[in-house]
Amino acid sequence: MAEEYSWDSYLNDRLLATNQVSGAGLASEEDGVVYACVAQGEESDPNFDKWSLFYKEDYDIEVEDENGTKTTKTINEGQTILVVFNEGYAPDGVWLGGTKYQFINIERDLEFEGYNFDVATCAKLKGGLHLVKVPGGNILVVLYDEEKEQDRGNSKIAALTFAKELAESSQ
């Protein structure tokens, strides 16, 4: 009996192994929650948990409006991902693993080697992420880390190459 090839293995072999990304995951298009992920860990940290980069239970943050009034807002990370695709922007950013990523842009029907994808790009200090709607009701989440000599452009190409593979396999 052949060993089952898991999403984690597939993400690792096709994305993480390129060294163009520091992490990759798949989220459901229904709720935006990441259900499979891989990440480059710190070799010096035996307690590294890849999930800490991709998921955190709902939590509250304090936000300040233009008048300086502080209020509490509950963050549901999956919903912050869905807002990007449903609304075309994310005024409160995209949150993943408790980290806020500033929304940069969304490209609808971006053509890549014969396939079209909706692609969103978000940034944080010295890194960022790409969100790509892929066939099968999934959203590909790709992280890049400039401190690991990764950049927005090359990580986006790696994400789109993987998205193309998924599109080809779903035909």
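Backbone N, Cα and C atoms are what each Cβ position is placed from, and that goes for glycine too.
Some features that Swiss-Prot has for this protein:
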REGION    5-10  region 'Pro-rich sequence-binding'
REGION    100-112  region 'Actin-binding'
REGION    152-156  region 'Actin-binding'
MOTIF     48-54  motif 'Plasmodium-specific profilin mini-domain'
SITE      Tyr35  site 'Interaction with Pro-rich sequence'
SITE      Tyr89  site 'Interaction with actin'
Intrachain neighbours beyond the region 'Actin-binding' (100-112), with Cβ under 8 angstroms and 6 or more residues off its ends:
84-85, 88-91, 93-94, 118-124, 128-129, 160, 163-164
Cα-to-Cα gap, Tyr89 (site 'Interaction with actin') vs Tyr35 (site 'Interaction with Pro-rich sequence'), nearest whole Å
23
